[in-house]
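Engineer: Here's the feature list from Swiss-Prot:
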SIGNAL    1-23  signal peptide
BINDING   Tyr65, Glu89, Ser144, Ser270, Gly307, Tyr346, Arg397  sn-glycerol 3-phosphate binding site
Amino acid sequence: MKPLHYTASALALGLALMGNAQAVTTIPFWHSMEGELGKEVDSLAQRFNAENPDYKIVPTYKGNYEQNLSAGIAAFRTGNAPAILQVYEVGTATMMASKAIKPVYDVFKEAGIQFDESQFVPTVSGYYSDSKTGHLLSQPFNSSTPVLYYNKDAFKKAGLDPEQPPKTWQDLADYAAKLKASGMKCGYASGWQGWIQLENFSAWNGLPFASKNNGFDGTDAVLEFNKPEQVKHIAMLEEMNKKGDFSYVGRKDESTEKFYNGDCAMTTASSGSLANIREYAKFNYGVGMMPYDADAKDAPQNAIIGGASLWVMQGKDKETYTGVAKFLDFLAKPENAAEWHQKTGYLPITKAAYDLTREQGFYEKNPGADTATRQMLNKPPLPFTKGLRLGNMPQIRVIVDEELESVWTGKKTPQQALDTAVERGNQLLRRFEKSTKS
């Protein structure tokens, strides 16, 4: 029989170990990263957890951006929100008005962790900052710009220079016709049509998408994307669609799969699609800048970001917020932010991550990997090309999708579709404006 004092000591040790295990603070993190991107999110969380045994980040895929935002807000209303919610860029105004969030600069301040907001690339951080205080409301994470992916092997077969992607939309239309004639099922397809064909088309060509500097200067903004330049662009795509040179394959990122499986020779898609293209494409491909309108004065201007940021939700305890601050600080460290950028194709969110990536020779070894960054920094942004801050923007994107689909199916002219999209979208803007003043 073991001595009593030994048994008591063992019991005390066991209880202490149990207490330590129970002291681990679990931090739910809801996101929209799937495929290779989801694997990278899991990898970052696992590494943080290993380095910080008192905390456990639990990443959970909750569907696409719209589904995740809806799930997060619904969970907040029932008191079951995650600690961290990934929300796409057009959900920024909605999150600001939701009263469901705790600004990240407050989270860091209360946790006693130094937070250098100036470390983030200004054109990215400006999108997620409080326009009154200049402080970050959410932390940039997977920021992107649209880029052009093209099949170099298909270019060769069609008699096109594989090192020269089309620079203008007029060039792209010509290339798509030649690629289709050479035997490709699809010359060109586009992902995220509202973000690329209207929001970024407008910024890249120096045009406003909405008044009040795209909503940054007030909730009384009105949509302005039904002007002659945008109508002409959609009309060009309509003509390509009729000829079979442009294929509409879906509202989200469906065109990326059509590209990497070899169906479509070119696609405009998020720079964040690069991870899946690297993984699945079985041909030589290139990454080019977004085309611009050859008739646009002073184009190209600058791209506006897409992707998402990380919002901290209200209603958590102090220890949870301390863990959240530590995790966000971990993500922003140069080596981690650089790794995320290099593995996914998303933008380097900090200056240090960009510098480190360049010093490591990544851009020299991977031509085109800096395309998204060069587009974002192509020219200093104009007041109306730094992004969008429009209420109910996720719903407005759905309206834009519906109206553009009416063009691709021949039910409306480009002018009719964009006029209707502006009219319907403005109704949502007025509803949002009213809600912020009530």
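Note that Cβ sites are derived from N, Cα and C of the backbone, with glycine treated the same way.
Help me understand the surroundings of these features in the structure.
Structural biologist: Annotation for Gly307 (sn-glycerol 3-phosphate binding site): same-chain Cβ neighbours under 8 Å, separated by at least 6 residues, are Tyr88, Glu89, Phe141, Asn142, Ser143, Ser144, Ser270, Gly272, Tyr346, Leu347.
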Engineer: Looking at the binding-site residues Tyr65, Tyr346, which sits with the largest number of other Cβ atoms within 10 Å of its Cβ?
Structural biologist: Tyr346
Engineer: Restricting to the same chain and to sequence separations of six or more, state which residues have a Cβ under 8 Å from that of Arg397 (sn-glycerol 3-phosphate binding site).
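Structural biologist: Val90, Gly194, Trp195 - these are the non-local Cβ neighbours of Arg397 (sn-glycerol 3-phosphate binding site), listed in sequence order.
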Engineer: What's the longest C-alpha separation between any two of Tyr65, Glu89, Ser144, Ser270, Gly307, Tyr346, Arg397, the listed sn-glycerol 3-phosphate-binding residues, in angstrom?
Structural biologist: 22
